[in-house]
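Undergrad: Feature table excerpt (Swiss-Prot):
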| type | residues | note |
| --- | --- | --- |
| DOMAIN | 28-253 | domain 'Peptidase S1' |
| ACT_SITE | 68 | active site, charge relay system |
| ACT_SITE | 113 | active site, charge relay system |
| BINDING | 203 | substrate binding site |
| ACT_SITE | 209 | active site, charge relay system |
| CARBOHYD | 251 | N-linked glycosylation site |
């Protein structure tokens, strides 16, 4: 496989090699089984009936995910499963009524890898379904602080998906060190953050894309991309929510207003 770069387009169900970017559909490696009550904000983003990406419930009618998970397809191609420890059963299914991805996102750079989904029927909150707060605009995670990543992605590089929700605990990596690790081929921008362990073995991987990275009980990152999975020399790369919080807030408001106005 060219340069060992695995490109997993979960929304298309295709895998191909590329010399340019090792993009997402990331998975949990080195994690542990958990139940949904431990991460009730975690959702499965389903594309035409099958799990394709993770997502995070930030309001009863809003899911945040990665742009590369939903770009170029219609809202009706997606449904959201909430309240289940399993991506293929249980919980409740909700239609996606509309979506927006960042206009400056592109697959070449993976910069601005963020999207929001609007649900015409808000979810019902309970023990297994709950929204999570997002980090504040321009807030920073101190280097070395613990973050939590959850999802149903592959449990090893090139492996299969688990049926039960997984969790992995990884420290936040200094941006300069992360940029040096990926240089000169890949750029770490101000809208990305990195997390992983120096010895490797713990990471997100294929199938986790779009899912949450949580710091101090707030959504701080979105699983985006990486070179391989859980490799010691290459931390996982996440969309930095604090750098894009203003865009998220603005577009949540725009989507809601758009559909309120359509009623009149």
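Using the three backbone atoms N, Cα and C, a Cβ is placed for every residue, glycine included.
Give me the structural setting of these features: burial, nearby parts and distances.
TA: The secondary structure of residue 68 (active site, charge relay system), as reduced to three states from DSSP, is helical.
Around the Cβ of residue 113 (active site, charge relay system), a 10 Å sphere holds 32 further Cβ atoms from the protein chains shown.
Cβ neighbour count for residue 209 (active site, charge relay system): 32 (other Cβ atoms within 10 Å of its Cβ, all protein chains included).
Within the same chain, residues at least 6 positions away in sequence whose Cβ sits under 8 Å from that of residue 251 (N-linked glycosylation site) are 100, 116.
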Undergrad: Quick check: in three-state DSSP terms, what is residue 251 (N-linked glycosylation site)?
TA: helix
Undergrad: In Å, rounded, how far does the Cα of residue 209 (active site, charge relay system) sit from the Cα of residue 113 (active site, charge relay system)?
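TA: Spelling it out, the Cα of residue 209 (active site, charge relay system) and the Cα of residue 113 (active site, charge relay system) are 10 Å apart.
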Undergrad: Using all protein chains in view, find how many other C-beta atoms are within 10 Å of the C-beta of residue 68 (active site, charge relay system).
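TA: Other Cβ atoms found within 10 Å: 29.
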Undergrad: Please work out the mean pLDDT for the residues of the domain 'Peptidase S1' (28-253).
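TA: PLDDT averaged over the stretch: 90.
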